[in-house]
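So that you can see what the record holds, here are the features copied from TrEMBL:
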BINDING   Gly17, Asp79, Asp80  Ca(2+) 1 binding site
BINDING   Asp39  Ca(2+) 2 binding site
BINDING   His368, His373, His551  Fe cation binding site
DOMAIN    2-118  domain 'PLAT'
DOMAIN    117-674  domain 'Lipoxygenase'
SITE      Trp103  site 'Essential for stabilizing binding to COTL1'
Amino acid sequence: MPSYTVTVSTGSQWFAGTDDYIYITLVGTDRCSERTLLDKPLYNDFERGAVDSYEVRVEENLGEIVLVKIEKKKYWVQDDWYCKYITVKTPSGDYLEFPCFRWLVDDKEVVLRDGRAHLPQDDKTSLVKQHRQKELERRRKTYRWKEWQPGFPMSIDANRHKDLPRDIQFDTEKGVDFVLNYSKAIENLFVNQFMHMFQSSWSDFADFEKIFVRIKNTISEYVMKHWKEDFMFGYQFLNGCNPVVIQKCTKIPDKFPVTDEMVSVSLEREMTLEQEIEAGNIYIVDYELLDGITANCTDPCTLQYLAAPICLLYKNAQKKIMPIAIQLGQNPGKDNPIFLPTDGKYDWLLAKIWVRSADFQYHQNITHLLRTHLITEVFAIAMYRQLPAVHPVYKLLMPHIRFTIAINTKAREQLICEFGIFDKANATGGGGHVELITKAVKSLTFRSLCFPEIIKARGLDNEEELPTYFYRDDGYRVWEATKSFVSDVVHIYYTSDETLQEDEEIQAFIKDVCSFGMQDFDHCEFPKSLKSRAELSEYLTAIVFTASSQHAAVNFGQYDWCSWIPNAPSTMRRPPPNKKGIADVNLIIESLPDRGRSSWHLGAVWALSQYQECELYLGMYPDEHFIEKPVKEAMKKFRKQLAEISLSIKTRNEGKKLPYYNMSPDKIPNSVAV
């Protein structure tokens, strides 16, 4: 009587094991096995982290094993089970791998195909075609689109984390509870004594150090000591938390009437402002999107304010970026003066603080939330709806969308919802964040997710002109390594452009992103189909890069750059000055966040900057969705390239007072999960 040896691996995360009954059925090309209970006498089967083997006896050989069906039935109470993989040893001694990496909940079954990736046109038998179709039908019922806010990219149809499918929930919801984590951060930072002190101003700049004593690091301490300096102000546009807004200025906008006479004292090359512009030495940052956004009014005891400043920057003879003019509103006029470094020191300092506060709002809402979290969720939902687990692109993307839908759902539940944590300390809380993101979606095109293109579009692609733009330099290298890996995988499975064009599933995925995820907005310019392997490689590179490298670059430096409150005020409590000569220390302190809002802000940037326990960094793929040797070789090559990049970044950073490591692959998690 033939016998098949079935080996079952249970996940190692908390609560992965089960005491429920587990049954297996082997489906072959000739026949099926009996439904077999996997149970060993006097043995606790399917414990967390266990690998258990069982014999499945059959009357006759089953032929080639095509599918494995696993069923879970209740023993005492429902006990969810996480199955990593199943291997089957045939009577002839061959081994077949069946990746699972799924939760079995309630009395449900899962039907698995072997680990080899297959395009839809590769499937020839009705059995595997039906399996593929049924899997997608189930997924489309489970992963439904929903518009959380009008004009937003679409999100998952779930109001709470616990409403999500078990497969995409966090292993423990407690670990990603924003209220708990922020409160814990505030306690760890020893600022809980201040967290309810709203309306209570600090006495002076040094007073902010009272909430800056518990957790320090090289960059945050340097920021605290040098935040008032023009060099530090300009440097952050290149390598701070929000290195995506600076662009080369080719013409002074009419709405920002800076003259040569105003700035000539700041220019070092004996050239006029116009000549400096022509020489490529002038840069600009414009927060126009913040114009007209409603400031937070959830606390009637504290008025809060927003501004939409414009800042002119100059690359001096040492190639440092220095601010030379700031206007705090979009409409020039007597009540909207242009502040200059030659003004009174407090006038100039307050103008810079207003720019930093605007930058913080732009960063949190647009750079971070919209352009990494929300857009990655669109790709994730479309993937689940249109690509079965056997599709190579599903296997490729899976590690890079891990927990993204979960963290976004939790954010909508606790953080950015009405009366959420975001309202406590942010000037765009109370609905302003919704207005701002709705405006920003209009410039969210697919091409703007392609790193080299967006750098070039901002006129910053010349490495000699800006030799210390490390975000750009490291980003280029990581983008190219990622694109090389993605292209390798694409070319393993797509032997020609025609093969791609014939793949109905990948085309449905691309269309779902545009037509449903981005709601077919006129301005979104996302493709609805792809015609070549080169196009697919770029498309998938943009997804992987956005979910991993771009998110890391704009997320994990938040404590570094934003923990010193005057350098990144989350809100302002006085209106922007409408004339010169009125600023002093008292006005600045009264403008900056009070003790309570400062504490919540500090807790937020600390919590958001923390890596997860057991973090999986770029190139780490412990869940073997792919089993083919060519893909494993591509992964090995990818990891080697990433290690070389990490080493070169580490070498460059040695001895630097301001090391830049946010694009170092060894500090880039695979996915948006925090």
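Each residue, glycine too, has its Cβ placed from N, Cα and C.
TrEMBL labels come from automatic prediction, so no person has curated them.
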Q: Specify the nearest of the recorded positions Gly17, Asp79, Asp80, Trp103 to His368 (Fe cation binding site), where nearness means the distance between Cα atoms.
A: Trp103
Q. Measuring Cα to Cα, how many angstrom lie between Asp79 (Ca(2+) 1 binding site) and Trp103 (site 'Essential for stabilizing binding to COTL1')?
A. 10
Q | Cβ neighbours within the same chain of His373 (Fe cation binding site) - under 8 Å, at least six residues apart | A | Thr404, Ile407, Asn408, Ala411, His551, Val672
**Q.** Sparsest-packed of the listed binding-site residues (His368, His551) - C-beta count within 10 angstroms
**A.** His368
Q | Helix, strand and coil counts within the domain 'PLAT' (2-118) (DSSP) | A | 0 helix, 59 strand, 58 coil
Q. What is the separation, in Å, between the Cα atoms of the residue listed as 'Ca(2+) 2 binding site' and Gly17 (Ca(2+) 1 binding site)?
A. 14
Q) Across the domain 'Lipoxygenase' (117-674), what does the pLDDT come to on average, as a whole number? A) 92
Q) For the binding-site residues Gly17, Asp39, which Cβ has the most other Cβ atoms within 10 Å, all shown protein chains included? A) Gly17
Q: Could you round the CA separation between Trp103 (site 'Essential for stabilizing binding to COTL1') and Asp80 (Ca(2+) 1 binding site) to a whole angstrom and send it over?
A: 7
